Amino acid sequence: MDYIVGQRWVSHADAQLGLGIIVEVEPRRVTLSFPAVGEERTYAADSAPLTRLRFKAGDHISTVNNVELEVTSVKEKEGLLLYTGTDHHEQTVTVSELELDAFVQITTPQQRLLNGHFDKHSDFALRVSTLMQLDRLQRSSARGLMGSRTNLLPHQVYIANEVGQRHAPRVLLADEVGLGKTIEAGMIVQQQLLTGRANRVLILVPQTLLHQWLVEMLRRFNLHFSLFDDERLRETSSVDPLDDDPLLQLPEDNPFDAEQLVLCSLDLFQANPGYRNLALASHWDLVVVDEAHHLHWSPEQAGEDYHFVAELAAQSPGLLLLTATPEQVGLASHFARLQLLDPERFHSLTEFEREEREYRRWSEMAAQLEAGDRPEDLPAGLDPAAPAATLIDQILDRHGTGRVMFRNTRAAISGFPNRVMHRHPLPNPDSYAHASLDIAAALHPELPYHDDSWLAFDPRVAWLEQTLKQLRPAKVLVICARASTALALEHYLHLRAGIRSAAFYEGLSIIERDRAAAYFADENNGAQTLVCSEIGSEGRNFQFAHHLILFDLPLNPDLLEQRIGRLDRIGQEQDVEIHVPYLEGSAQETLLEWYDRGLNLFRESCSAGTMIFDTFQTRLLAQLEHRNDDFQTLLDDTAEFTARTRLELREGRDRLLERNSCKPEVAAAVIADIRANEDSDTLAAYLESLCEAYGVEHEFHSDQAVVLRPTEHMLTGHFPYLDDEGLTATFSRDKALAREDMAFLTWEHPMLVAAMDMVLSTELGNASLGTIKLRGIAPGTMLLECLYSINCVAPRSLQVERFLPLTPLRLLVDARGKDLAGLVPHERLNGLVERVNKNTALAIIKQVQADVESKMTLAGKQAQERLAPILVEAEQEMRAALGAEHDRLTALRRVNPSIRQQELDHLSYRMEECAIHIRHAGLQLQALRLIITT
Ligand SMILES: Nc1ncnc2c1ncn2[C@@H]1O[C@H](COP(=O)(O)OP(=O)(O)OP(=O)(O)O)[C@@H](O)[C@H]1O
């Protein structure tokens, strides 16, 4: 494709951009400015979704200077088109395509019909059915949630539905370990992308989870993220990775701009501060940060990673933070993360701490409201006459963590396995006498050894070997705190004990780590055991194993919970067997006792671990150093405190959060809608007609599954997502979950999305001609079937399309200009219309040309009349939605003076801008069929 600066192109992927103008051409990229929406876009030159706009003689064009021309001739000069025509003063004028008005509407169906370009009826029907399906999908409550290859779990579907529909969502996904936060984030990202709310997404994860995220996004959501690491950035940018001077001139070629979906490790920016400016200079619609509790923050000082994410958070409209243990590093730092999400709502730590103490009161109030009572002491600013559901939402928003935080607990979700604990006391060897020196050495007595001589006398080692042999062939995950321990153990098991094993620790490259994890996961020829340092205790999926050996214990209950969470997660089908070897009389034993008898952590997960730890820390540390008779009292006190805290959480904060994190009736309705889409045969039938239209071979594979293959007679050289090998795909979710080799075809599979887009962005089926026998109507009578869609050219940031329906406006005008659409539905007409041979069709069109044009004018007028109330309704809907946001901020401002007037003003401004664009929305003729009665 030859691009030349100044040429005019339209994006067929995004008609709302209006008419673009090429402003820069580079060897592999082309940049267009879209003046109608004030945006610039850069595309890869060989795959840009662009169509050159060429007018022909007879077309009407308008220029930026409001000159209207009817084109009489077209010439090309140095790659640019020059249009000559007559304006309304009958003057002959020549304008360059450079001067064309960017707010162009191209109504090609009429031009094609009158010029004798007729499509098959089946193609016309396909086009109309595409419009109808898109409209149905847009209105479906399952929109954006159909395509993921996952089980439909209510708590995930609820969150994805609630958050994914938001404009610029900013939330903390804090489900307890292993409940599927990655899946929730994937569903939200997918929904945001599919609905056009987001285009550019950046995901930041710990290095150990990069590959897992990459694979999960691809296999569950068909999302192709590009992995950016040091190597890739060095290859594509000249920035010095170590130079983080913010005033540095950034290169024009920002590598982050080259991809829409980027996955990076957060550590990359720690090690190479120079890359931060690059990432910040790129625009993101949505930033996702996994294991967000790692961001360093304390009331005295925030870490560089926190600052970096805070800067990203400030420039990106959407932000998802993920953590299973939000309070792992304390309440203050939990608050700091909430502040990243909603600085208006979370403006004062003291206030937040006070609120936390009141959760029980709000929880009880919500319960009262739900039971139909009206409490006397409703907080100020709430309308006692409002419906209970509204009041509950407002209480959650203003006094709980409301719309910002989602946390489902295992207690509320059934189907988790039991945890079974096995203690293994072992004699404490004399060589570890030094262990009482400090707590780290007491808990990990092998640490002071610079070689592996400790392996010979530490009884945990021989026990480990023996236990693994006993458990054979069961897979066993071994976790210890330090990399050196993991490495030494793995060497021992592998080289001296002959046990198939792999190590997983920070010294390995990402590829080596993933190779180790894959070796462990391999069912047939894989390792029996994986020995991990603490980095293996976070985020990874090892639920195919159900034996966990804790070679030592971390001094942090949330870390212990994370360790157990590797196995105790969704998909675990057996009881989780937790084995803990410990040295008798050592600090390890004391810690084990405290976790077990104090917190009961080996049997039940506990979301207040850190808080309980903080409460007893001093007493516990003293006991770890030197255990005495007070220990029993510490255990009793901890157990009593834990029981009380659990109860408080259940009745207070957790219940308040749960109320917000899964509403079963809403989830059930969405799931039913997703299922209804899967269970009907409409998709299969639609796919068949698509394949027929485009010449793709379509063959039965098995129940609910098909094989698609490209052929030599394809209409276009290429069909989206279909390579030479073909594609085996199923419409059944259950089959897709069991058969990873099959694609899961839903209305939201990228093949369907791209193919539907292809139908509407090309001319396929937009002009058709046929005959019909209708009793009682004189032969030779003309009917025109016209389908219009609403087209609103507006800056993308306004997201106007979410208020405008996609429902096509259909008219069937008869010879007198009367609309019969209501009497004869489209499907019925399809069954009655007969095709006409090309010569007859050309003869017909010659005869009725003038008549068609006048009927088109009538149809256009009628459609315009029908458009008016639709636009009024769209504006009302927009005002209601943005108005509610405005009201919320105004209400929050009463309790929180830090909300700036400027923000409220900006919302009002947005509302007015949206209103202007909605009022100027126009109609685009999508398809036209001329029918003559015989
Ligand atoms: N709806 C689902 N269908 C099928 N598998 C699922 C579903 N939800 C979660 N899983 C699987 O369960 C495991 C846990 O999910 P995920 O990794 O998203 O949990 P998490 O909450 O992020 O865990 P952690 O707290 O450990 O980071 C993964 O193996 C995931 O693939």
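Cβ atoms here come from the backbone N, Cα and C positions, even for glycine.
Keep in mind the model is a prediction, meaning the values are calculated, not measured.
Features of the protein shown, as given by TrEMBL:
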DOMAIN    162-344  domain 'Helicase ATP-binding'
BINDING   Asp175, Glu176, Val177, Gly178, Leu179, Gly180, Lys181, Thr182  ATP binding site
MOTIF     290-293  motif 'DEAH box'
DOMAIN    463-632  domain 'Helicase C-terminal'
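Excluding the listed site residues Asp175, Glu176, Val177, Gly178, Leu179, Gly180, Lys181, Thr182, the same chain places Glu184, Ala324, Asn408, Gly565, Arg569, Ile570 with Cβ atoms within 8 Å of the centre of the ATP site Cβ atoms. Secondary structure at Thr182 (ATP binding site), as computed by DSSP, is helix. All chains included, 27 other C-beta atoms sit within 10 angstroms of the C-beta of Lys181 (ATP binding site). Neighbour density for Asp175 (ATP binding site): within 10 A of its CB lie 25 other CB atoms from the protein chains shown. In three-state terms derived from DSSP, Asp175 (ATP binding site) belongs to neither a helical nor a strand segment and is classed as coil. The number of other CB atoms found within 10 A of the CB of Thr182 (ATP binding site), across every protein chain shown, is 21.
Each residue of the motif 'DEAH box' (290-293) gets a DSSP state, and the totals for helix, strand and coil are 2 helix, 0 strand, 2 coil.
Taking the Cβ of Gly178 (ATP binding site) as reference, residues of its chain lying under 8 Å away and at least six apart in sequence are, in sequence order, Ala324, Gln543, Gly565, Arg566, Asp568, Arg569, Ile570, Gln572.
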